[in-house]
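**Q** One structure is given below, represented as structure tokens, and several questions about it will come after.
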Amino acid sequence: MFLAKRPPWSSQISRFCILPFHAVPWIVLWTRRVRYSGGSGDNATPVASGRLSKLFWPARMHVADVIGRVLERGQSLDSVELELERLHVDLDPFVVNRVLRSISDSEMAVRFYWWAESRPGFDHTQFAIAYVVSLLFVDSNFFLLSEFLERVRSQGVALHRSLYRILLSGYVRAGKFDSVIHTFDEMVTSGCREFGVDYNRFIGVLVKNCCFDLVEKYYSVALDKGFCLTSFTYSRWISALCQSERIELVERLLADMDKFGCFPDIWACNIYVDCLCKHNRLHDALKTLENMWIRGTNPDVVTYTTVVGCLCDNKQFAEAVELWEEMVRRGLKPDIVACGVLIFGLCKSDKVDEAFELALRMLSLNLELNVCIYNALISGFLRSGSINKAFKIISVMRTNGCEPDVVTYNIRLNHYCNTGMIKEAEKLIEEMEMSGIVNPDRYSYNQMLKGLCKAHQLDRAFGFVSDHMEVGGFCDIVSCNILIDAFCKAKKVSSALKLFKEMGYKGIQADAVTYGTLINGLYGVGYYYLAEEIFEQMLKARVVPNVNLYNIMLHNLCKAGQFEQAQKIFLQMIQKEVSPDIITFNTLIYWLGKCSRAIEAIDLFRDMTARGIEPDSLTFRYLISGLLEEGKATQAYEVWEYMLENGIILDRDVSDRLISMFKSNNK
């Protein structure tokens, strides 16, 4: 197939402009040398023009060279006609092709071709047309290309299949997708003989551009004509469908491939298996894995890793371990990802002992475990309280040449801070600072700060920020939020407000968490007006409140009996497209019930379910309690029945009150 680029044998002459139409006196003397076939001087004899076109190839090559040099030097095509007349040579296909091969400018080639059409002996050859088309593609001269093709067609020239392929290739390279489709349709209707390779290439282009409707259309046409796609084309189509979340068609393609005796390649199979796992179609993924062995596209480590990960996500750990072992038995060497996916899955589900046994098995197979896998085991053992085993893992990783990183230290630091082991945490921070290898990061310092605040050591926490964090530039919004939260919990809102103001001086922008924490603290000590003032300040600063902050505002406004203001805040929440959660609705339902507005609470309950938020046991407890407070036993009983239908059990004390009131009303 011709490619849309200049052929390597073309002349390497430089680009030039459109030829000016003027005479060429210098060519006359040169052409006289090629008018005679042999001899010299007075004994030379002229040669008949008819013999030049067929018998004397060197002379014909000279004629083409003459024309080429004329064009190269910027002479007119009229002068070429004059010299040809003096040579008495017809402009046959050989000469035309030879001249075209010497031209590197597409516009000049087209003009020469159009002039040659009117010469005696000219014939439209597919080679000449193809060369001109190729030059036009190289120069991206699509307007002239369209004009040239239209003129060729108008003279009744039928394009050859090879020329259509050049056009298709050129349009694809140029990104002219509409022209690709139009050209292919024209080729099909032109009567050219079609081959399966044409449909494979064309459908491949459609697949690459994700034109799946067109792919199905031309695929059906190809099948009707007895053509089938290659395994490569099918594989690319399947891959594209999976990546575009259009998996429904893949099963049909696999059935067609089975009829034609082919199967997707490993790349497509892995993408398909991954897509099945993402849609939680574990059974189909396992079946595909089995079929791959049967059909000869042997699964690789990526295939097994994907399915093992899906099994872990579905808590099928025994099956995951068995599949991992099968991978090893079949001679595949698991990589870091294949080892990690199983270890991480087990540790995430608190099956750390099983994960540790599997890690030892991996080491026995001479598989290298990276620091992430060791960290998962250390974290898992610390969460389960197996401190000695966690430190044993640290020893094992060092023995195997894997040094702990900052995450390893942070896991230990997190454990010390959460369990109140502040001295050990401080020693670990000091060890990290002195090591010069694994330095504490922002997370390390913020975790230490959180531990000090949790231990109610606020003075030391403030000093830690000054001595360690500010010096190294580690004090950030997270650090400030931790301190503000600690001050508010300790009812030291003045210190919290002072820190809040200092944040602005230090260039630390308060976020929704900062405002929410501070507002909640102010409400907690009865500073209602100041809390609302901070809320308005937040809106002016264009900080978008999160759902937690809105819940804080709604709870405290309702608690203070400011239901109209709470309603405004709720509407503002909806307008800002902050989706209410179950806590939002439970808060409003609770306070409406407390204020003898249970009917409004039921309306809010309907709004909640309409938004797709599932009520929990607290929702029904607040609803029924509010209705009982107003003596609406019948409606409370209807809500209780709704609960039972949805499998939710009411608290014993509320159900006893409901039954007691219902019985007393029926006496």
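Each residue, glycine too, has its Cβ placed from N, Cα and C.
Residues or ranges marked as repeat 'PPR' in TrEMBL: 160-194, 230-264, 265-299, 300-334, 335-369, 370-404, 405-439, 476-510, 511-545, 546-580, 581-615, 616-650.
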**Q** Mind checking which residues reach the repeat 'PPR' (616-650)? Cβ under 8 Å, same chain, six or more beyond either end.
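**A** Beyond its ends, the repeat 'PPR' (616-650) has Cβ neighbours at 582, 585-586, 589-590, 592-594, 596-598, 601-602, 605, 608, 657-658, 661-662, 665.
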**Q** Helix, strand, coil: count each for the residues of the repeat 'PPR' (546-580), based on DSSP.
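**A** Split into helix, strand and coil, the repeat 'PPR' (546-580) gives 26 helix, 0 strand, 9 coil.
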**Q** Determine which residues of the chain contact the repeat 'PPR' (511-545) at the Cβ level, with the cut-off under 8 Å and only residues 6 or more beyond its ends counted.
**A** 477, 480-481, 484-485, 487-489, 491, 493, 496-497, 500, 503, 552-553, 556, 560, 573, 576, 578
**Q** Which numbers of helix, strand and coil residues does DSSP report for the repeat 'PPR' (581-615)?
**A** 26 helix, 0 strand, 9 coil
